[in-house]
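**Q** I'd like to ask some things about the structure below.
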Amino acid sequence: MSPETISAGTTLELTIHSLATGGQAIARHDGMVVFVNRGLPGQTVLANIIRTKKRFAEADLERVLVRNETEIQPFCKHFGLCGGCHWQHLPYEEQLDWKRRFVEDSIHRIAGSEQITARPTIPSPDRLHYRNKMEFAFLQGRDVVHLGLRRSASHSIINITECHLQSDRTVAIVQQVRAWANSHKLLNAYDQRSGKGYLRFLVVRETKQHSMPGNQTLVQLITTPDWSPTGQRNTMVQELADALKRETDGQTSFVHSTRTSKTQVAYGENIIFSEGPRTLSETLTIDGQTMPLNIGGADSFFQTNTRAAEALYTKALQLAALTGTETVWDLYCGVGALSLAAAMRAKRLVGFEISAAAVGTAAENAENLAITNAVFHAGDVRHTMEREQQAPDVLITDPPRGGMHPDVVAAIAKLAPSRIVHIACDPATQARDIGLLTEHYDISEVQPVDMFPHTPHVENIVLLTRRG
């Protein structure tokens with residue numbers, strides 16, 4: 001069968017030889033690359049082609065004919081259907097090694113630094129129940145409201161009854177909210193095409209290492225506005241909030257927010273009401289320093305794996321090699337966890353963050369920790385960098401998945417800090433950014449950190465040292 005005759009619906013016998021950065025398995029058929037969902041290297045499988053492109057095809061695994069020798073039993077009954085953790089059947093040590101390979105491959109291909117080797121991936125301290133935030137979506141079925149996680153490569157929803165990435169409390173909350181949604185005929189799920197429907201998203205955040213007895217939980221229900229004359233739906237939401245609070249001994253806060261934009265993002269635009277604290281407090285230990293921190297509310301960014309974040313920030317600080325004499329800049333600093341740990345080891349710390357709310361939280365954290373040598377600027381990093389007159393000796397950057405704007409990279413090159421600690425959740429965009437800096441910088445160390453066990457995602461730290 002030639003590549004030209006491969007079409008959707010075709011079943012092929014394939015031998016898998018590798019994994020792609022997105023987590024799919026890689027096989028070849030008559031010279032054509034075929035990406036196989038849920039496959040593992042060493043397997044021979046029957047796979048059903050679901051789509052074809054000019055240079056590759058994509059397939060779903062139908063049946064394993066020859067097993068991978070080290071393959072293990074998945075731990076979740078939703079494996080293979082849920083779009084969450086695709087690598088449950090891959091031993092953890094092999095997950096870590098593949099993530100190291102992904103990082104190296106990106107630096108070789110994209111940054112053009114073919115001699116660089118990455119250090120072994122730092123494992124996550126927790127391999128299960130590690131997430132401190134989960135987002136769930138509603139979907140309207142025939143006379144039923146679904147609430148859960150999306151199926152792999154689909155908009156349909158799995159009504160999860162177990163999930164090993166989050167706590168048992170979160171799973172119980174999801175099931176309680178799902179039952180509530182189906183107990184009222186007036187409650188229906190939002191449909192993106194028509195723009196009709198009420199229930200959109202459920203977001204659950206919780207602390208993992210809070211210093212007070214018991215962890216905090218923050219539940220956010222995101223709906224469309226209730227346009228009914230009597231506001232009955234909003235009253236039903238209030239009843240849900242009261243029930244959640246009763247059943248968790250008052251340790252659960254609740255926020256009801258609305259979203260009118262059709263874009264399917266779990267982000268509330270307006271708060272209708274809230275009960276309990278809108279923000280969470282967490283205790284982090286970074287490079288031996290324990291710090292209580294306000295990590296923000298339901299919409300704030302914070303690393304979703306708390307204990308692995310400690311390992312990530314600890315390694316970043318060690319690579320920064322601060323002596324107490326440096327001016328440090330932290331780009332995309334969020335609520336200031338790494339910034340404030342750096343401030344304790346530097347002469348001066350300057351944080352930059354687009355979110356004004358996050359900057360306010362970072363400043364509050366600095367005050368609570370009696371840190372007086374840190375300042376924070378809110379706004380687009382491209383422009384707020386211009387406010388600072390004193391150039392950094394060390395620069396830390398942890399940009400969003402899309403990486404840094406070319407103007408920011410150019411500004412960093414002009415500032416010429418002696419060391420750059422670059423943290424990223426996408427090795428490809430990170431390699432692109434550091435490739436623009438290697439004219440004047442050496443890649444001194446590459447350190448992957450596993451923030452997302454049982455998925456192909458990896459966080460990575462690169463230390464760049466200025467030549468001369």
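The backbone N, Cα and C atoms fix where each Cβ goes, glycine too.
Any TrEMBL annotation is an automated prediction that lacks curation.
Sequence annotations record features per position, and here TrEMBL assigns active site to CYS425. Taken from TrEMBL, the feature active site, nucleophile covers CYS425. Residues or ranges marked as S-adenosyl-L-methionine binding site by TrEMBL: GLN303, TYR332, GLU353, ASP398. Annotation source TrEMBL lists domain 'TRAM' at 5-63.
Set these features in their place in the structure for me.
**A** Around CYS425 (active site), a 10 Å sphere centred on its CB holds 18 further CB atoms from the protein chains shown.
Listed in sequence order, ALA309, LEU312, MET451 are the same-chain residues six or more apart from GLN303 (S-adenosyl-L-methionine binding site) with CB atoms under 8 A from its CB.
Residue counts for the domain 'TRAM' (5-63) under DSSP, helix first, then strand, then coil, are 1 helix, 37 strand, 21 coil.
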**Q** How many Å separate the Cα atoms of TYR332 (S-adenosyl-L-methionine binding site) and CYS425 (active site)?
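**A** With distance taken Cα to Cα, CYS425 (active site) is 13 Å from TYR332 (S-adenosyl-L-methionine binding site).
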**Q** Would you please pick out, from the binding-site residues GLU353, ASP398, the one with the fewest other Cβ atoms within 10 Å of its Cβ?
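**A** It is ASP398 that, of the binding-site residues GLU353, ASP398, has the fewest other Cβ atoms within 10 Å.
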**Q** With DSSP assignments reduced to helix, strand and coil, which class does GLU353 (S-adenosyl-L-methionine binding site) get?
**A** strand
**Q** Other than GLN303, TYR332, GLU353, ASP398, which residues of the same chain sit close to S-adenosyl-L-methionine? List them in sequence order, counting a residue when its Cβ is within 8 Å of the Cβ centroid of the site.
**A** PHE301, ASP330, LEU331, CYS333, GLY334, LEU338, PRO399, PRO400, ILE423
**Q** Over the domain 'TRAM' (5-63), what is the model's average pLDDT?
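**A** Taking every residue in the domain 'TRAM' (5-63) and averaging pLDDT yields 93.
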